[in-house]
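Pulled from TrEMBL, these are the features on record:
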- 111-129: compositional bias 'Pro residues' (COMPBIAS)
- 514-523: compositional bias 'Basic and acidic residues' (COMPBIAS)
- 524-534: compositional bias 'Acidic residues' (COMPBIAS)
- 73-491: domain 'Major facilitator superfamily (MFS) profile' (DOMAIN)
- 97-132: region 'Disordered' (REGION)
- 509-534: region 'Disordered' (REGION)
- 23-46: transmembrane segment (TRANSMEM)
- 179-204: transmembrane segment (TRANSMEM)
- 210-227: transmembrane segment (TRANSMEM)
- 239-259: transmembrane segment (TRANSMEM)
- 265-286: transmembrane segment (TRANSMEM)
- 307-327: transmembrane segment (TRANSMEM)
- 347-367: transmembrane segment (TRANSMEM)
- 379-401: transmembrane segment (TRANSMEM)
- 407-426: transmembrane segment (TRANSMEM)
- 433-452: transmembrane segment (TRANSMEM)
- 464-486: transmembrane segment (TRANSMEM)
């Protein structure tokens, strides 16, 4: 008898677990985490990968006789000539032109060294040329544009797909689109691991944009429907954006370390395995085979796009994230050209921004509701602009810590304030269906990541990296006062009547209790089956 009763008892427990908003928050957190690890893991890999495969490969095939003069070094009988060869070598890291050093070595300095010193160590003690900058400055300048286009391809595709995903979630709910996002992201990750050309990497990046669109729009809409209370929703959005921040935090350092010490495919294979675990989690909790449309008819997309307050919030998301979007393709190449940085530093440069973004999203997810989300966003955009203006002043990786930390913290302030404002504006001025408005929010986010890298590379090539930072920094400072318009947005007339009559006792919640009880994780069929079994 006990084996027959246990399934009936375990099913209500599983149903209660699936109906828990915290488990939904955990699923969205993991989905955003993996998506943004994949977003940033390519940032330090791509410039050096293209340099190694294209520039050096073309150089080796074009000049196969360059390595032949190198045996001349052992033929030099006097020890002083060997010293002058190494001391005067000012060649790139790869060492193809190292034979050009001996003509300059006249032996003026090294003959003074005593012959009793060990033959190999004195010249290698101060090997500053080992950190010298990469050659091929013209190739690196062109690479700014190509890397920027590849990074922007994800956001461009996401920009086109987001509105359709928002309409789809209004019709079939959030569960199936989220699982589709996992499937597409898994395929994109595997393709990244085994792509060896720029074209294949571009296709994989665009495919990632489709998966990101499904995951982000459906995930944020699901959170907004599960947390109808405005203050709880703000805290939940802050935690979910913490997953985004943690992904950005892990991605770039993880990619640079794995690429240098293990290989190009290794970080993507690890992410593919983690994506499989995310898919299993979604199958257990969300049950993506169910179709559960929104209980209320959604406001048309065209109506939301004509709302000036939604446009102001979307503009704040776009311009604040455009700064870091421009940094991703251009900062590693600028570091290679001016700081002569090794590969592992290209990803570590983004570490302060990622840590501070993680702190900012979690801190201001709670504080922004108390101090005013409009004020939090306005201050954040001003700090974004000031931080970007300070980036070109750095002369080494340590000089980037302060500007990047300020940039990440300020973007965390803006994101953790604007995401709840989007749902609040829909509750206040339209119908409480969130798929479409979060499609607009993700479009704004992606527009920053599409326009930023694609135009950033061209601006760097025409004006230089410092002027790029000046332009985007001034743009953020100039836009910051517009956040004041979100201080007290007016409600629609019919919403004012509803808020005055039905929600006088609960002013911070704008979703009816009936709609709250029917959020997409209900388990009526499971409960019915459990009663039949009993």
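Each Cβ is built from the backbone N, Cα and C atoms, and glycine gets one as well.
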If you count Cβ pairs under 8 Å, which stretch among 179-204, 239-259, 379-401, 464-486 touches the transmembrane segment (265-286) the most?
179-204
So if I exclude everything within five residues of the ends of the transmembrane segment (307-327), which remaining residues of that chain have a CB under 8 angstroms from its CBs? That is, six or more out.
151, 155, 350, 353, 377, 380-381, 384-385, 387-388, 391, 407-408, 410-411, 414-415, 418, 421-422, 425, 429-430, 437, 440-441, 443-445, 447-449, 451-453, 455-456, 468-469, 472-473, 475-476, 479, 482-483, 485-486, 489
Among the ranges 23-46, 347-367, 433-452, the one whose Cβ pairs under 8 Å to the transmembrane segment (239-259) are most numerous:
23-46
Among 23-46, 210-227, 347-367, 379-401, 464-486, which stretch has the highest count of C-beta pairs below 8 Å with the transmembrane segment (433-452)?
210-227
Given the cut-off of 8 Å on Cβ pairs that are 6 or more apart in sequence, determine whether the transmembrane segment (23-46) and the transmembrane segment (347-367) share at least 3 such pairs.
yes
Which residues of the chain, 6 or more past the ends of the transmembrane segment (347-367), have a CB below 8 A from one of its CBs?
40, 43-44, 234-239, 241-242, 244-246, 248-257, 324, 327-328, 331-332, 335, 341, 376, 380, 397, 400-402, 404-413, 415-417
